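Just below is one structure, and these are the notes that go with it.
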Amino acid sequence: MNSLSLTLFDCVVLVTLLGLAWQLLATPDLFKAMVLFMSFGLVMALAWVRLAAPDVALAEAALGAGLTGPLFLSALHRLRGTRKGERRQQLDSIEHRGKIEKVTQRTSGRIIYLLLRILFAGLLLTLLVHLATILLHVEYENPGLGVFVAEQQEESGVISPVTAVLLNFRGYDTLLEIMVLFVAVVAVWSLATVRFSEKSGQVSPIQQGVVRILAPLMILVAVSLIWQGTHLAGGAFQGGAVLAAAGVLMMVSELPWLRLIPSLPVRLMLVFGPLVFLGLGVSCLADGRFLEYPGELAGFLILLIELACGLSIGLTLACLFVGGRPVDDLVDRGQLEEGS
Amino acid sequence: MTVLFAYKLGGLCLFFMGFTALILRSHPLKKIMAVNVMAAGVFLLFIAMACHGRVGVAIDPVPQAMVLTGIVVSVSVTALALVLACRIQETSGGAGSSEGEHPPQGDS
């Protein structure tokens with residue numbers, strides 16, 4: 001009975017997942033697509049739980065649903081903000097549609113268009129069916145790397161196997177991943193600038209009040225997620241994502257003290273995590289190899305790296321949400337210098 | 001076993017849905033969303049293939065760590081792509097003067 005209901009649950013999750021994906025890709029309404037995308041991320045997290053991957057589920061819920069959705073929403077806001085851009089977009093689509101209609105008005109054109117679509121769909125379906133049959137028939141004899149991880153677990157200094165893989169056995173990957181996040185912020189900052197202190201003045205005091213209560217709680221959850229990464233599901237990325245979500249909430253509620261944060265500490269915080277990780281990795285060179293922690297210190301070092309990286313990841317993701325280099329403080333300072 | 005296969009098939013379907021939308025949709029935000037759906041499909045297939053035997057048994061930590069890395073990287077890719085899309089809109093739409101004459105056909 002129990003397994004039957006679980007199987008039913010699996011089916012519901014899968015059908016919802018595919019239905020949501022279809023809807024979000026098919027709907028012409030961009031806002032609706034974004035809301036569907038966020039719910040898609042949450043259902044994805046359920047699927048991860050069912051596949052016994054709680055770390056991935058936490059990351060998906062926090063990053064895939066919690067942060068990518070706001071990223072899309074703010075991008076949509078900015079795209080609609082440029083009126084001319086929107087008109088151009090409409091013109092583009094009208095002309096594009098006009099072209100297609102012109103082609104499809106002729107019977108031969110219509111037939112060719114239809115044939116192309118059928119051909120495309122047929123190709124994709126054939127590929128899908130072939131891959132599915134391969135998946136159905138393939139048999140694994142390799143038990144995977146889980147055995148080796150379990151063997152070496154004691155030496156890693158942490159209890160959670162996923163954290164052991166992320167920060168000890170495959171530390172290179174995680175170091176480079178954090179560098180990717182940092183490079184993304186650098187790229188975003190060099191592409192666009194935003195006027196950070198611009199206020200819409202449309203935030204209700206109730207929202208600000210709720211965020212004032214919520215933000216400390218979220219920061220607490222973030223720190224506990226980072227802390228429990230050593231023995232349970234969780235870690236720097238999940239904690240960092242919750243931290244970033246708290247930051248995003250505070251930014252959209254336009255809390256007044258946010259504008260007073262000078263830019264230098266923000267920049268230093270952005271490189272703090274990667275630098276701590278890199279520094280500890282290099283200091284391991286003294287009596288070993290790169291990123292090979294000494295056995296008795298491993299647990300402490302991993303916790304240190306997780307805390308530093310969690311803070312930096314949170315700030316990095318929040319900066320990605322801002323979507324550009326905040327210019328105000330620089331401009332203001334320049335004006336001040338000119339004035340004096 | 002069959003449920004696991006259903007998850008694998010679901011991952012494949014997500015990938016192909018995303019791929020189709022990536023080609024057929026013209027709006028840049030839709031394209032970025034389609035890439036995200038494709039990534040979700042790949043992750044789902046990958047984790048489902050790492051489940052040996054049946055659903056719900058603790059799995060290999062290495063694929064989990066890799067998918068975790070993948071999710072974080074896909075978020076940063078999405079953020080960068082969105083800023084690029086806004087920038088393209090600004091530069092091509094904000095120029096203004098040649099509007100309506102020869103709008104570049106950026107869609108496929």
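These residue numbers are counts, starting from 1, taken along the chain as shown.
Quick reminder: no glycine exception, Cβ is built from N, Cα and C everywhere.
Computed from a predicted structure; not experimentally measured.
Here's what TrEMBL has on this protein:
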type	residues	note
TRANSMEM	A:6-26	transmembrane segment
DOMAIN	A:16-80	domain 'MrpA C-terminal/MbhD'
TRANSMEM	A:33-51	transmembrane segment
TRANSMEM	A:57-79	transmembrane segment
TRANSMEM	A:111-136	transmembrane segment
TRANSMEM	A:178-197	transmembrane segment
TRANSMEM	A:209-227	transmembrane segment
DOMAIN	A:209-311	domain 'Na+/H+ antiporter MnhB subunit-related protein'
TRANSMEM	A:233-252	transmembrane segment
TRANSMEM	A:264-286	transmembrane segment
TRANSMEM	A:298-323	transmembrane segment
Taking 3+ C-beta pairs under 8 angstroms (sequence gap of 6 or more) as contact, is the transmembrane segment (A:178-197) in contact with the transmembrane segment (A:264-286)? yes
Within the same chain, the residues 6 or more beyond the ends of the transmembrane segment (A:33-51) and with Cβ under 8 Å of it are 6, 9-10, 13-14, 16-17, 20-21, 23-25, 27, 57-58, 60-61, 64-66, 68-69, 72-73, 76
Tertiary contacts of the transmembrane segment (A:264-286), defined by C-beta under 8 angstroms and 6+ residue spacing from its ends, are 171, 174-175, 178-179, 182, 185, 236, 292-294, 301, 304-305, 308-313, 315-316, 319
Over the domain 'MrpA C-terminal/MbhD' (A:16-80), what does the predicted model average in pLDDT? 90
Give the nonlocal contacts of the transmembrane segment (A:233-252) in its own chain as ranges (CB under 8 Å, at least six residues past its ends). 54-55, 57-59, 62-63, 66-67, 70, 160, 162-163, 166-167, 203, 211, 214-215, 218-219, 221-227, 258, 273, 305-307, 309-318, 321-322
Please list, for the domain 'MrpA C-terminal/MbhD' (A:16-80), how many residues fall into helix, strand and coil according to DSSP. 57 helix, 0 strand, 8 coil
DSSP composition of the domain 'Na+/H+ antiporter MnhB subunit-related protein' (A:209-311), residue counts helix/strand/coil, works out to 86 helix, 0 strand, 17 coil
